[in-house]
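Engineer: Once you've had a glance at the structure underneath, I'll fire off some questions.
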């Protein structure tokens, strides 16, 4: 089998060790994992040829790589290029050979053009044939692979039903129902049901063989050797369970609790199939987009022998993966997202998959969803569902999962519902027991408390805090706004909206538009003081920092994460952040930065829904739930980001709660729902209620209203954080005791009373509360409505516009502070001081008496004339006309041309004169450190200037080399050393250097076009088919050779000049003594050395004159 060919442009020699590694890889293509030098180029067609199993000659494989890379898409371009090259050949050739004695006649030109066209057509035909053969080989591999998968699929179904019947007799009902629909084979009259003796003996023998095979199923005592690291005992047991399912042809659900290593168990199953069964795939993993990076890393970490491909990206990236990586024989595992599984189903349907693995499988519990329908159309041997969320005992959801796992048995939802139909309340426990019997062969679920004894415990504490004055003001206004709905009980949708607004107020009042003071919007203590939870967080974080803890902060609201981000920057804490808008690469980079050893990141901000899935953040030991989710499982998933395998410390969970508000009821309901879910599974009751009803919402909204209206002052205390935590532990203990009593009481209730289980308080004070009276007592009287007597529009406008009407005195308008950006380089500090002074004075002058208290305030002074003049001067000093777009254009121009090339930068700027740009550049140079991200900006500019400097060095080096020749296009020589290129000849390298000197370094598209249009390379398909990236790499190799040659040449010239000066100043006596010391005893040697020295001097002087 031919080895993959590697082109080496600098060394031009393949080491023997590299060849051995390539032999071991056996043409695995992209999955080999071998590292290559920067100058090495691998021929993908050669690797594809090996994967196809063809044993063609090495030259043919190289030609496939050299010719087919761009010819398929650019065939018309090739034809037009070839047609254009032929007529223009005579002109260019005559110009380049003006001094030659031989002149080609017209007849010879015509013959040559005709011969070139024939050769070109022949080459194109051969190219098409080679492309056709390549596609045929790939299709043959795909057909062979799919046929093997289909054969296994037919074999695996034979013993499946028998295995299921051994587990429970329930499957006999569904099997009979299915078999009854099938057509019975025609028999032999009344003897049709009887078997012959030979058939009976054959069946008995087969049953005995199956029994022996079943009794001797595979059970691993140690993990497969291809799995790196050490698997725990329960993980090995999970692998054996998955192997048993595989051997019996059964699909399954791996439902271990979050953090127990479901990903590792799944990867170990694929490793087992690879090592022991010789099954390399293809397998497909479908997971949430946010977890794809983690899947790839885990596969590379635990089972590097598997070749994994991440199928994700924009259309161009997906097209590259589809054509180069997602090919038969080039990958083992395809990892993709739910969205890609739907969007790219045409591509993925080509394959027959060995395993389809669905992570976070609760997404397919609705059989009518697009994802569920799409996953059912893929052809696969096995399906494995992974979920950390416990399954609810809902009949239809369970049928949907069973239908996905075993569609040929659980084909009808009606039959399933009829079989499990409940005739009375006493039968419910029996029905659920039967359901669990059905699920038992497919489902494996284990809890941390049962299997992971070495995992440190998790302790949850509810920290209650009061509200600030601003929070109370907004909370009270929200209740007054929807008085009718809250008092009488309106629609559930309106109540949900009120509940959401109240929860926003509990989190931070700045979530409401206009609540934050500004503009200008500044980060200061007001960010902390105006929200009770922020005061609590500000006390908690320093304590956690002192004891070297690391913190995860979860919130449901992305805008709240913005506020927390401002706070962390204000306090100087280093942090990472992930929410629903974070891209995949940024997400992986943030997780890696937080988890790396010695990381200085103290806080990780995450949204509960986007950041609570598939992330391992076990390096943190504190979880702060800034707000609680309606679904308690979401909060549990968030906690398990830290409380999982690899955690070495006790995990502390702090759940923030605003006292006497809706949040207390939300948390209480979450605790009740967790207890009730456990009770449902224990008692065998069918879970029906999933959403909060209208009555529950009404009670939550009304809760704490009396406390809010009774006082307008802040209820935030100055207690020490240790005291707050101690009180929180007491509160949590009380709530746990209440939940225990709730569970005991709930056991006595019937299923009809399930809705009332959430309301177990004997004294429902919020129902007894006269909410309307409470609000009316604290009502702020709105202004009186004024009834207009005149209803005529014309008369109204006449009166309104009458000249003699007395005009009301208008109150002076409070000036608005302009939004000042950091790139405009204003003196923000001084301007803010002047504006605040002016605004305070005007507000005091126009403010009416408030009813809260009538204390006399100190009289404020307006701006003096000097201060007013100073303010106007400061506004003129900045660059108010420069927008963010202008600033970004200026930065890009600095990166492109350098900071000193003002003329080129000004040419890039639209609407700015050169003088304006020069003034801005001067200020930017002096005050760039005032920018918020100046480090990144300066690094980018310096990187661009370094590229410019390097480009100038390269052009000087090439110019210096070319200046040593009269006609470098014909005479240029390159000192390759020992390793000369095998595929790029000297003529090609000479043309490349001359064209780069003419076109400029970096213009690779123009260089590629020059190669294609040049008659010198009309039939050199290797050169004409090179991409711009390959030409750039070759050019870089030649530049390094030229720079090395220039350095040696400069050294020789310096040595020649030094020897010449020494010879000029040396006397005859010294010369003879030097000759004796150097061993020049014979006159002939002395004569030869002098002659060589003179020749070197002559050549050096001639070169300098030409230079």
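Any Cβ shown, glycine's included, is placed from N, Cα and C.
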Engineer: Looking at 359-362, 363-366, 367-370, 371-374, which one is motif 'DEAH box' according to Swiss-Prot?
Structural biologist: 359-362
Engineer: Ranked by the number of other Cβ atoms within 10 Å of their own Cβ, which of the binding-site residues 258, 260 ranks first?
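Structural biologist: Neighbour-count leader: 260.
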Engineer: If you average pLDDT over the domain 'Helicase ATP-binding' (243-408), what do you get?
Structural biologist: 86
Engineer: What is the number of residues in the domain 'SANT 1' (877-929) that are helix, strand and coil, as DSSP sees it?
Structural biologist: 38 helix, 0 strand, 15 coil
Engineer: Relative to the Cβ position of residue 256 (ATP binding site), how many further Cβ atoms are located within 10 Å?
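Structural biologist: Residue 256 (ATP binding site) is surrounded by 22 other Cβ atoms within 10 Å.
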Engineer: Which number gives the other C-beta atoms within 10 angstroms of the C-beta of residue 262 (ATP binding site), all protein chains shown included?
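Structural biologist: There are 20 such Cβ atoms around residue 262 (ATP binding site).
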Engineer: What's the number of neighbouring CB atoms sitting within 10 A of the CB on residue 263 (ATP binding site)?
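Structural biologist: There are 23 of them.
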Engineer: Residues with Cβ closer than 8 Å to the Cβ of residue 259 (ATP binding site), same chain and 6+ apart in sequence?
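Structural biologist: Residue 259 (ATP binding site) has long-range Cβ partners 388, 448, 640, 643, 644, 645.
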